[in-house]
Amino acid sequence: MKTFANFAILFLLQSLLFPLYSSCLHQTSDDSSPFPSDFLFGTASSAFQYEGAFLTDGKGLNNWDVFAHENPGKIVDGSNGDIATDQYHRYMEDIQSMNFLGVNSYRLSISWSRVLPNGRFGVINYKGIKYYNNLIDALIKKGITPFVTLNHFDYPQELENRFKSWLSSEMQKDFGYLADICFKHFGDRVKHWITINEPNQHISLAYRSGLFPPARCSMPYGNCTHGNSETEPFIAAHNMILAHAKAIQIYRTKYQREQKGIIGIVVQTSWFEPISDSIADKNAAERAQSFYSNWILDPVVYGKYPEEMVNLLGSALPKFSSNEMNSLMSYKSDFLGINHYTSYFIQDCLITACNSGDGASKSEGLALKLDRKGNVSIGELTDVNWQHIDPNGFRKMLNYLKNRYHNIPMYITENGFGQLQKPETTVEELLHDTKRIQYLSGYLDALKAAMRDGANVKGYFAWSLLDNFEWLYGYKVRFGLFHVDFTTLKRTPKQSATWYKNFIEQNVNIEDQIDK
């Protein structure tokens, strides 16, 4: 295991070679920082992508364990999360990396099946509770605020086997049970809670295209054994939204007054730019938002689905009962978590027929997502085929959310740059990640601009601290500030780690918050 002294030597060498390059890349023309002293700068992770130890100390099988083992061909490199970054055994080393970066927060998630191997149909795994207690305590000891997500795509396989997980209202009970246990055991120290990560993205991949477990879909969206892409995504989303409200109800009525924390939800966002100035394309861009991020955020904030969805889907969209609407309005989020990576052009498919593609169907809002407008790209393409670099779209997205949701506090819970490891890619090339630095620099400048516009943003978490298991990409796409050798699990800081460290130092003085 790498020692702290080795980290110090590596960062010293980078600091001698890198400062001139770094200083040229960031800072807008206005060098004043809009970040207040209590702003959270951190990195983000998730349990399945990081922990490994997939059957260690009483952990049960989860949906991703089963999916990756039974369908290795669905993962680009045929890999799984059995070991991942092995953070379960190496979290102290990773906390040293965070501490050296100067971050004052770390976003992590709870492995549902590590705490409750069989959901509410089995016993609590107190070895799992102990692991998270140790991790939380170690973070706090170093002055790093834990920002904890209750559910980040993974759940006990038992719940899929019993009642098809998110397709059943029973899942709301199980999620409430998990939330109660986590608040009880960790809430005296955890003051920032996220209920569910990216319900919109999770549902689209699991129940529309069938690319994520439980791999349910129908033609023409995907080729699955079971599922209905026209109806099941909306059923699953309905249950996730109500499970979110259930968790907040438990926190508000049993824990928040004493524990004095806050709780919210995370959605995936993309900026949707109309491909022309026509009214049809402008309306389509708004529909695209309604069928993507607003699908989740409108019920969470206003207790109802967006009008565009109601008008277009009719009876295919579940309805909230009066009691459910009351619950949503009574137990609102304290903040919104915003994950953001890219932008798209949007072409209307409601009035004018257009080619099939992402967004073009009725269940997706009849708003086709495109990355080009004639010969003009929405932004430079990264190694990840869905990610284009468009910092101005990020600024527009934050202002859109500010205006639509009355400037409720926001945290940028994920933002990062993906780099593909090709057969010819060298470790040296991965460590000298200048494209990632340019991406982060542009998006953080856009964040500054949005905050000067008045967006009420309270924190920023780079995705990700480490290279990790990136779902369908396996270990072939790297988002980390630290390189991971997945044979030895050695962590090595990339140039972007030094850049992010310098950015934090230059924008917020948080040294008094960190126990060096």
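Cβ atoms here come from the backbone N, Cα and C positions, even for glycine.
Annotated beta-D-glucoside-binding residues in Swiss-Prot are Q49, H152, N197, E198, Y341, E414, W463, E470, W471, and among F39, F41, F479 the one listed with them is F479.
Candidates considered were C224, C349; Swiss-Prot assigns the disulfide partner of C354 as C349. The recorded positions considered are N223, E414; of these, N223 has the fewest other C-beta atoms within 10 angstroms of its C-beta. Close to C217 (disulfide bond), meaning Cα to Cα within 10 A, are the following recorded positions out of N223, C349, C354, N375, E414: N223. When the neighbouring Cβ atoms lying within 10 Å are counted for each of the disulfide-bonded residues (C217, C224, C354), the highest count belongs to C217.
Counting other C-beta atoms within 10 Å of each candidate's C-beta, the recorded positions C349, N375 are led by C349.
If you take the Cα of N375 (N-linked glycosylation site) and the Cα of C349 (disulfide bond), they are about 21 angstrom apart, rounded to a whole number. Closest in space to C354 (disulfide bond), of the recorded positions given as N223, C224, E414, is N223, taking the CA atom of each residue. Between the CA atoms of C224 (disulfide bond) and C349 (disulfide bond) there is a gap of 26 Å.
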